[in-house]
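Q: Pasting a structure below so you can have a look.
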Amino acid sequence: MNDVAIVKEGWLHKRGEYIKTWRPRYFLLKNDGTFIGYKERPQDLEQRESPLNNFSVAQCQLMKTERPRPNTFIIRCLQWTTVIERTFHVETPEEREEWTTAIQTVADGLKRQEEETMDFRSGSPGENSGAEEMEVSLAKPKHRVTMNDFEYLKLLGKGTFGKVILVKEKATGRYYAMKILKKEVIVAKDEVAHTLTENRVLQNSRHPFLTALKYSFQTHDRLCFVMEYANGGELFFHLSRERVFSEDRARFYGAEIVSALDYLHSEKEVVYRDLKLENLMLDKDGHIKITDFGLCKEGIKDGATMKTFCGTPEYLAPEVLEDNDYGRAVDWWGLGVVMYEMMCGRLPFYNQDHEKLFELILMEEIRFPRTLSPEAKSLLSGLLKKDPKQRLGGGSEDAKEIMQHRFFASIVWQDVYEKKLSPPFKPQVTSETDTRYFDEEFTAQMITITPPDQDDSMEGVDSERRPHFPQFSYSASATA
């Protein structure tokens, strides 16, 4: 019954996600939903264990189209925490029909199995998934937090999905950053899973260089994260002003980032995946705070890989562009890019034309300013290796390999974690409402928030059961 059998196999043309070329891939569809692709037809078991593409057709939607090529079909499914789309084409309508029928049959079979398992498990809470266990075990806040519990002081930032506002909690007088996301935009842009991931990761993470979550709650049309407020500003803001950081300053920030990523990888089995200067903040004392967990992957162990696309183009690792499976090493590529920016004052690869940019990331050798020390060059060369298996931190030792690099020879890692190192720059903030390190384009704006509806003042059972955002509410004090 548990034997995994191949349902269908053969050649398909697969379209790249970023570099929109069609690549021939030999795909195997298995009855457990696995849909794996290879450059060549695998001849033995060893070759089968290293696929280039690894998808699941569970809960998928299939669409047939004649664009951009005849006999195209698109698979859309939720994978890990993100909705993904993969585009394939074959030579004839008959071939397409065979593939789509086989995929739909496997997906339907898995759905039936899941429904049977759910029936069998009802009344047995110990069998639930980790995410469900976590949500059930969260203590509910005694007082339901709502938008009326805060004063709205200044706009700190604005994006596609919503805004970030400096708020003051009326009951305690404490200051927080409130991230307010519009549900309709999140749903329209397939960001539901990313957003729920951010909520889960923030709830479960306790580390000095990760932004702490105080509360999360929802209204009928918004999701709200009330987070620790780091008013030292974005690292991007400071680097833009100073153009380049000294190696000592870059080493300090780099060490704190490595400490946080090590915690996420080893303690939480999470890959951050979106490391960039804009997601690195400074607190009032000048220590790093990593923000914005919307692109995190959950459940990544050593050797585990993932298949979804997101991230800023300039920071994308080669294995992501190549449309290959990727794992924790993407974070070390991201670290390489941000540390290169800090020490060299520019991105390692840049072109306004995305196709040319991707070509540079995949093919171009890294270049360094003459002023860079041999240790810094060695570190950056290791972190920016194109092959993730050869990359510094790409092996089973993960962060430990980077910690042992000679660039960090002077660093005592326990002292980093305990914040015993003096920050090389202390933000000159005079109060908690001082926003001098935030862009005036935002802070000078009037805050406009549509008043919550009457029924939003109490987040009732119905809102908690909404299909897109179940069990969203959280209070750190209730779980402390």
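Glycine residues also receive a Cβ, built from the backbone N, Cα and C atoms like all the rest.
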Q: If I go by Swiss-Prot, the feature region 'Disordered' sits on one of 419-449, 450-480. Which?
A: 450-480
Q: Please pick, from ASN53, ASN54, ASN148, the residue that Swiss-Prot records in the 1D-myo-inositol 1,3,4,5-tetrakisphosphate site together with LYS14, ARG15, GLY16, GLU17, TYR18, ILE19, ARG23, PRO24, ARG25, ARG86.
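A: Of ASN53, ASN54, ASN148, ASN53 joins LYS14, ARG15, GLY16, GLU17, TYR18, ILE19, ARG23, PRO24, ARG25, ARG86 in the 1D-myo-inositol 1,3,4,5-tetrakisphosphate site that Swiss-Prot records.
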Q: Among LYS14, ARG15, GLY16, GLU17, TYR18, ILE19, ARG23, PRO24, ARG25, ASN53, ARG86, recorded 1D-myo-inositol 1,3,4,5-tetrakisphosphate binders, what is the largest CA to CA distance in Å?
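A: Result: 17 Å between the two most distant Cα atoms.
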Q: Which of the three DSSP states, helix, strand or coil, fits ARG25 (1D-myo-inositol 1,3,4,5-tetrakisphosphate binding site)?
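A: Note: ARG25 (1D-myo-inositol 1,3,4,5-tetrakisphosphate binding site) is in a strand by DSSP.
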Q: Between ASP274 (active site, proton acceptor) and TYR18 (1D-myo-inositol 1,3,4,5-tetrakisphosphate binding site), what C-alpha distance do you get in Å?
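A: Per the Cα atoms, ASP274 (active site, proton acceptor) and TYR18 (1D-myo-inositol 1,3,4,5-tetrakisphosphate binding site) stand 16 Å apart.
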Q: Just going by other Cβ atoms within 10 Å, which of the recorded positions LYS14, GLY16, TYR18, ARG25, ASP274 has the emptiest spot?
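A: Least crowded of the recorded positions LYS14, GLY16, TYR18, ARG25, ASP274, by Cβ count within 10 Å, is GLY16.
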Q: When secondary structure is assigned with DSSP, how many helix, strand and coil residues does the domain 'PH' (5-108) contain?
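A: Going by DSSP assignments, the domain 'PH' (5-108) contains 20 helix, 49 strand, 35 coil.
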